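Enquirer: Input: one structure, supplied below.
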Amino acid sequence: MATLGVNIDHIANVRQARRTVEPDPVQFAFLAELGGADSITVHLREDRRHIQDRDIFLLKETIKTKLNLEMAATEEMLKISKKLLPDFVTLVPEKREEVTTEGGLNVKNNQRYLKDYVTSLKSSNIEVSAFIDPLSEQINSSAEIGFDFIELHTGKYSELKGQERYVELQKIIESTHYAFDLGLVVNAGHGLNYQNAEKIASINNINELNIGHSIVARALAVGLERAVSEMKALISTN
């Protein structure tokens with residue numbers, strides 16, 4: 001049964017729209033946990049467009065579940081993460097002009113740099129994941145480098161319809177099994193919602209789904225605790 005990681009970046013987006021102190025993502029992380037979240041995910045971007053440094057350090061001190069820090073593989077973020085000591089770090093690609101993360105990390109083309117980076121994080125007892133597209137070459141490189149986890153990018157699956165979505169789903173299923181056989185723990189996320197998450201959650205060997213936007217959108221109508229609870233029930237029926 002897949003567990004649920006709740007991304008609270010969009011709470012911070014609302015706060016930063018007015019450069020004020022509310023809503024506080026730290027407070028909403030507590031509500032997400034009450035709703036059944038198994039972990040809390042935040043992306044500390046280089047431009048600090050939503051989550052801020054104070055958020056991640058307060059979250060580390062206050063949440064009862066696990067903290068997953070998404071970040072680019074930069075020297076600044078390495079220093080911050082080694083000071084914070086989150087439960088997990090997920091390395092993601094990052095472009096300043098993007099609205100949200102647009103694709104997976106190219107582990108294959110950056111193996112030498114990423115191997116040293118991952119080794120440094122693991123020396124601080126931080127488990128490390130790579131956010132990658134469901135491609136065998138990226139999975140192979142992730143295993144070779146020493147990542148503990150991968151997070152399969154489900155954005156394309158979420159955008160497609162009909163037969164094209166089915167084909168992409170098969171790629172994710174095959175990638176999950178392939179990565180699991182290589183000893184990687186497999187998470188998945190990006191674009192998942194109340195209509196499409198169940199099929200991903202039902203894949204054997206999927207460990208956790210990371211979901212943010214759709215839960216926060218649903219929370220506007222029913223509150224965050226209930227929105228998380230509904231998603232948790234949805235992905236736990238398999």
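The chain as shown is numbered from 1 upward.
Cβ from N, Cα, C; glycine included.
Keep in mind that this is a model prediction, so the values were computed, not measured.
Checked Swiss-Prot, it gives:
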ACT_SITE  HIS43  active site, proton acceptor
ACT_SITE  GLU70  active site, proton acceptor
ACT_SITE  HIS190  active site, proton donor
BINDING   ASN7, ARG18, GLY191, GLY212, HIS213  3-amino-2-oxopropyl phosphate binding site
BINDING   ASP9, HIS10, ARG45, HIS50, THR100  1-deoxy-D-xylulose 5-phosphate binding site
SITE      GLU151  site 'Transition state stabilizer'
Enquirer: What are the sequence-distant neighbours of GLU70 (active site, proton acceptor), meaning same chain, six or more residues apart, C-beta distance under 8 angstroms?
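Expert: Correct list: THR41, VAL42, HIS43, LEU44, VAL89, THR90, LEU91, VAL92, PHE131.
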Enquirer: Taking each of HIS10, ARG45, HIS50, GLU151, HIS190 in turn, which of these recorded positions have a Cα lying within 10 angstroms of the Cα of HIS213 (3-amino-2-oxopropyl phosphate binding site)?
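Expert: Cα within 10 Å of HIS213 (3-amino-2-oxopropyl phosphate binding site): HIS10, HIS190.
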Enquirer: Can you tell me how far the Cα of ASN7 (3-amino-2-oxopropyl phosphate binding site) sits from the Cα of the residue listed as 'active site, proton donor', in Å?
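Expert: So the Cα of the residue listed as 'active site, proton donor' lies 10 Å away from that of ASN7 (3-amino-2-oxopropyl phosphate binding site).
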Enquirer: Restricting to the recorded positions ASP9, ARG45, HIS50, GLU151, which ones have a CA within 10 Å of the CA of GLY212 (3-amino-2-oxopropyl phosphate binding site)?
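Expert: So far as Cα distances go, the recorded positions lying within 10 Å of GLY212 (3-amino-2-oxopropyl phosphate binding site) are ASP9.
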Enquirer: Rounded to the nearest angstrom, how far is the Cα of HIS190 (active site, proton donor) from the Cα of ARG45 (1-deoxy-D-xylulose 5-phosphate binding site)?
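Expert: A Cα-Cα distance of 16 Å.
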Enquirer: Name the secondary structure element type, per DSSP in three states, that contains HIS190 (active site, proton donor).
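Expert: The three-state answer is coil.
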Enquirer: Of ASP9, GLU151, which of the recorded positions has the most Cβ neighbours inside 10 Å?
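Expert: That would be GLU151, with the most Cβ atoms nearby.
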Enquirer: With every protein chain in view, how many other Cβ atoms are within 10 Å of the Cβ of HIS213 (3-amino-2-oxopropyl phosphate binding site)?
Expert: 16
Enquirer: Of GLY191, GLY212, which of the binding-site residues has the most Cβ neighbours inside 10 Å?
Expert: GLY212
Enquirer: What whole-number Å value do you get for the CA-CA distance of the residue listed as 'active site, proton donor' and GLU151 (site 'Transition state stabilizer')?
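Expert: Cα-Cα, rounded: 9 Å.
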Enquirer: How long is the line from the C-alpha of GLU151 (site 'Transition state stabilizer') to the C-alpha of GLY191 (3-amino-2-oxopropyl phosphate binding site), rounded to the nearest angstrom?
Expert: 13
Enquirer: Find, among the recorded positions listed as HIS10, HIS43, the one whose Cβ has the highest number of other Cβ atoms within 10 Å in the structure shown.
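Expert: When each Cβ's neighbours within 10 Å are tallied, HIS43 tops the list.
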